[in-house]
Amino acid sequence: MADHYPQGKVISNDVEPPVESHPPLEKTPAEYAMTRFSSLKPPMNKAPNPFRLLALLSGKQWLFFFVGFFAWSWDAFDFFTVSLTLSDLAETFDKTNTQISWGITLVLMFRSVGSILFGLAADRYGRKWPFVVNNLLFIVLELGTGFCQTYKQFLACRALFGIAMGGLYGNAAATALEDCPEAARGIVSGMLQQGYAFGYLLATAFARGLVNTTSHGWRPLFWFGACPPVLIIAFRLCLPETDTFKERELVRNERGNIGATFIAEGRVALKRHWLLLIYVVLLMAGFNFMSHGSQDIYPTLLTNQYNFSPDAVTVTQVVANLGAMTGGTVVGYSSQIFGRRFSIIFISVIGAAILYPYTFTSSHAIIAAAFFEQFCVQGAWGVIPIHLMELSPGSFRTFVVGTSYQFGNLASSASSTIETELGARFPLPPKISATGKKTPRYKYGLVMCIFMGCVYAYTILLTFLGPEYLGRSFEVQHDSDLSEAAGHDTIEAALGKIHQRQGVAGVSDGDAEATEKGNVTASERV
């Protein structure tokens, strides 16, 4: 028997059907609710050797992946520069840690503005130039932060930085994943998401080498952060648009009015998927609370509550991020076998179970707990890039992925502020330095444990209630939204021109490469 993807792609007998074959709005609420348990059953797809899966990617697809990965890594690096210098910034600007944490909160709040602006630009004009502009803003604003002389200047720079940062995630995910062979999506998604952990690891290492090692204090870390985006921009300028976007652009050109077609696609997507759009924002709120709640003030917990030295904090953070990178890749790969929702729920339950050692271990044994907790947190996150891509309407993939992620960030933007303010209600005996200076100490571990327990429960519930479109096609001929907006005949005419241009009937550039590698047959694409 053959089954159908949500956008009409027929799959052959030797491929497992998608977990759910119809969008939620095609079912009544009662029918949809009845499928929550049955659709959670792991499809148990075959588990190919992961190295064979990675070999399916062509050279161009690997370049797209790497440019997205490095950009996302440096996005994380730039974000965590504040978390890792919280106490130093507080001393420079004569503020409390809680007041400085508003620099983190503002970045998270203003990211949603950037995701809307740059997401729409990327879906309308292409992935390339919005990406370049994003990174140019990174350079300017990281340098600006490093030269701030007042607290107000610092907050202004971080707010503007949030706008720039907000536009990157959806674009990086679309660039890295939309041309990716279907069988390799899970593992590549996990690898991409770990750019976040890799960036955090780099920030931790460079903070140890650059912060308070010169007379400029914390500033060299921000000045250094402005340099690598120059190389990322050069990398992206050497690459074309993705094949998937070029196909979509040809369909819009064929209709004769690109702008009008784009607006028509938006109307169709909003009419058909408004409930799904609300859901992905709520889901991403949980995920962002999960990551920020477990990470943002963790260095402060180690130094303030448990009196860890800077070297011990660095080692713990590096090990935690190695766990995150491992978890994201492993669980992302596993989601191709067990399904997206099941993988997220399973690893979240494990993460909740080890919260106590992660927050209450006062010895250096906490390193092991940090490794496995971040394995779980970023393991769940490793599924997210491809899960969002498969849920999103094709015409607004960058916008939906980026904006849902950043609105989730907006909802969770006060995570560090909430934790530090609640922590201040549970004081510990102060730390007294050799000069007699008293440093207040707080039970951050207690607050973080309770906070994260609530976050895990919320995320598990939302994931259970939501849909899943494992294996959804990203090609324009399977996009029913675009077909309604532009017309089926328009799509057929555009694809016909592509086939004529390539000289191979019915096979696109990406499909030809996949066919050569034995990934699909030409007949399956027609």
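Each residue, glycine too, has its Cβ placed from N, Cα and C.
Taken straight from TrEMBL:
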DOMAIN    64-470  domain 'Major facilitator superfamily (MFS) profile'
REGION    1-26  region 'Disordered'
REGION    502-526  region 'Disordered'
TRANSMEM  62-80  transmembrane segment
TRANSMEM  100-121  transmembrane segment
TRANSMEM  221-239  transmembrane segment
TRANSMEM  274-292  transmembrane segment
TRANSMEM  312-333  transmembrane segment
TRANSMEM  342-359  transmembrane segment
TRANSMEM  365-388  transmembrane segment
TRANSMEM  444-465  transmembrane segment
Given the model, what does the mean pLDDT over the domain 'Major facilitator superfamily (MFS) profile' (64-470) come out as? 91
In terms of Cβ proximity under 8 Å, which residues at least six beyond the ends of the transmembrane segment (444-465) contact it? 36, 40, 279, 282-283, 286-287, 289-290, 293-294, 297-298, 300-301, 304-306, 341, 344-345, 348-349, 351-352, 355-356, 358-360, 380, 415, 418-420, 422-423, 426
State the non-local partners of the transmembrane segment (100-121) in its own chain: residues 6+ outside its ends, Cβ under 8 Å from one of its Cβ atoms. 79, 82-83, 86, 89-90, 93, 129-130, 133-134, 154-155, 158-171, 288, 292, 296-297, 396, 398-403, 405-407, 409-410, 412-417, 420
Mind checking which residues reach the transmembrane segment (365-388)? Cβ under 8 Å, same chain, six or more beyond either end. 173, 176-177, 185-186, 188-194, 196-197, 280, 284, 287, 290-291, 294-295, 298, 302, 306, 315-317, 319-332, 335, 340, 343-344, 347-348, 350-351, 354-355, 357-358, 400-401, 404-405, 459, 468
